[in-house]
Amino acid sequence: MKASYETAALRLGGKELRSRFFLGTGRFPSPAVMQLALDASGAEVITFAVRRVDLESYEDDSILQHLGERGLTYLPNTSGASTAEEAVRIARLARAAGLGNWIKIEISGSPVTLLPDPIETLKATDILANEGFVVLPYTSDDPILCKRLEEAGAAAVMPGASPIGTGLGLLNPYYLGLIMEGAKVPVIIDAGIGSPKDAAEAMELGAAAILANTPIAKAKDPVKMAQAFAMAIEAGRLASEAGRVPKKRYASASSDPAGSLFLQPASVSHGGEGY
Amino acid sequence: MKERAWSDFELYVITASTHHPGRELVDVMEQTLIGGAGMLQLRNKTGSREDVLREAAALRKLTRAYNVPFIVNDYVDIAIQVEADGVHIGQDDIPFEEARRLLGPDKLIGVSTHSLEQALKAERDGADYIGVGPVYPTNTKPGKAAVTTAYVTEAAAQIHIPFVAIGGITLDNADSVLEAGARRLCAVSAIVGSEDPAAVCRSFLNKIGQYSGYAPQSVTIMLNGEQRNTSARNLEELVRELGQSHKRMVAELDGVIVSRGMWRNTVIQPRADIELIQFVGGG
């Protein structure tokens, strides 16, 4: 019989979250697939973007009509903003629309890399935290910057693994590790995750949660992929709680050599069979 | 009033005997009808019931001859007794439902309003028309704060039943009231207090005529970052004009969110900066 272990809940912004998978809602093939993937993911926090209504189109492409009464926590992002001022305006709009007070700050500094502008991101974090928002800034993987964001009042920091939508995985696990070591707030890996393996790696490293969108939405089967991610994130979290073995330069036998049938006292220390 | 709709009136006159000492009420009021008044109201707040009844009977006879609707202020019973076309009531007079019950469904009931809230309530109650005022300070109703033309503009944008701008309106300020959106005016002392009521009525109608058929003014606004002209008077009309009423969206006017329930009450001013926003998929 399979034993079942509960991973610790994630406390964030006054909530207790069972799922450590934050799902982005963009680029799914259809609203129906998005909803199925959302259910398969078990995600309790979802992100979306704030945009002008397309006045030329009759179709209502509002995401909210597809979410229903799922009891989700909404994490609107400020994508499209290139200054702190613009991000603050989007945040206030989303809050005034009754979507809660969580906000993902996303201030792009370059259309090519979509990397976050660190100075504007820090500025917006400071302003919005003072206004009582639960501020989750998407940031570059700079340990010092992440510390500054935390000091400015960020409820969590969200360094990218690699640029948005690239699926390149953890480009700098060493820096991400430093951020996790130093942070007093949850570290959520946002952007650049390509597959469940990357998600598991980040979770093992000590991430509190994963925010992913493109690798699920653009997978051949987004619903299956959502579940795969959910499992990988949970596996990574369990592994992180369990504590992995240190890496070693050379092999060490997993079977005790004592009592070996062919024991030759001189060679015992180099036995390496039976991993 | 079979030949034309009662609501076609543009100039509404109200009696005020104190403004024409030495001249007979019926003579003065006949001059207003000759001048083209389209609705006549008897208002006598100080006379005895017998006086009012006598005047009402005389004016009923007169207005019938000119095929003009006749309204009695406040006295529902007298209105019924002389077969007036309806009554006009103030905010502190007989409750609307009571007046309607006594008069039946076919008589006209007009209601004085001094704020948009009162106007919307009167409209909901089923008033046939409302008075909007006092636009300017007036000696007819001293001590009553003027509502200014701002309320006229609000009423023009949001009230669907006929409304009559009233209070301190003269030939000198009528243009401002008409520019604010009024298409029906009521004057009291400016008409019945003049030497030639018929001539003053013609002058008022002339002014109103200059504005009738005058399309609601198109204003230039910024909508989702682009300049656009609209004749919509409020946010609800704008969204309807854009064919977007069915969508879930948030409206922002000059940086302030306007909840959907308030769209109808949100007047669109020239150069308004409007953003219509929605939430879409994103990471």
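In case you wondered, yes, glycine gets a Cβ from its N, Cα and C as well.
Each residue in the domain 'Thiazole synthase ThiG' (A:12-255) has a pLDDT score, and their mean in this model is 91. Among the features that TrEMBL reports, domain 'Thiazole synthase ThiG' is placed at A:12-255.
Summarising the annotation, TrEMBL assigns active site, schiff-base intermediate with DXP to A:LYS104. Long-range neighbours of A:LYS104 (active site, schiff-base intermediate with DXP) (same chain, six or more residues apart, CB within less than 8 Å of its CB): A:THR47, A:LEU75, A:PRO76, A:ASN77, A:THR78, A:LEU136, A:PRO137, A:TYR138, A:MET158, A:ASP190, A:LEU211. A strand conformation is recorded for A:LYS104 (active site, schiff-base intermediate with DXP) in the three-state DSSP classification.
Cβ-based neighbour count (10 Å, all protein chains) for A:GLY192 (1-deoxy-D-xylulose 5-phosphate binding site) stands at 24. TrEMBL lists A:GLY165, A:ALA191, A:GLY192, A:ASN213, A:THR214 with the feature 1-deoxy-D-xylulose 5-phosphate binding site.
Between the farthest pair of Cα atoms in the 1-deoxy-D-xylulose 5-phosphate binding residues (A:GLY165, A:ALA191, A:GLY192, A:ASN213, A:THR214), the distance is 9 Å. Working note on the binding-site residues A:ASN213, A:THR214: by count of other C-beta atoms within 10 Å of each C-beta, A:ASN213 ranks first. According to DSSP, A:THR214 (1-deoxy-D-xylulose 5-phosphate binding site) sits within a helical segment. One residue stands out among the binding-site residues A:GLY165, A:ALA191 for having the most other Cβ atoms within 10 Å of its Cβ: A:ALA191. DSSP classifies A:ALA191 (1-deoxy-D-xylulose 5-phosphate binding site) as coil under the three-state reduction.
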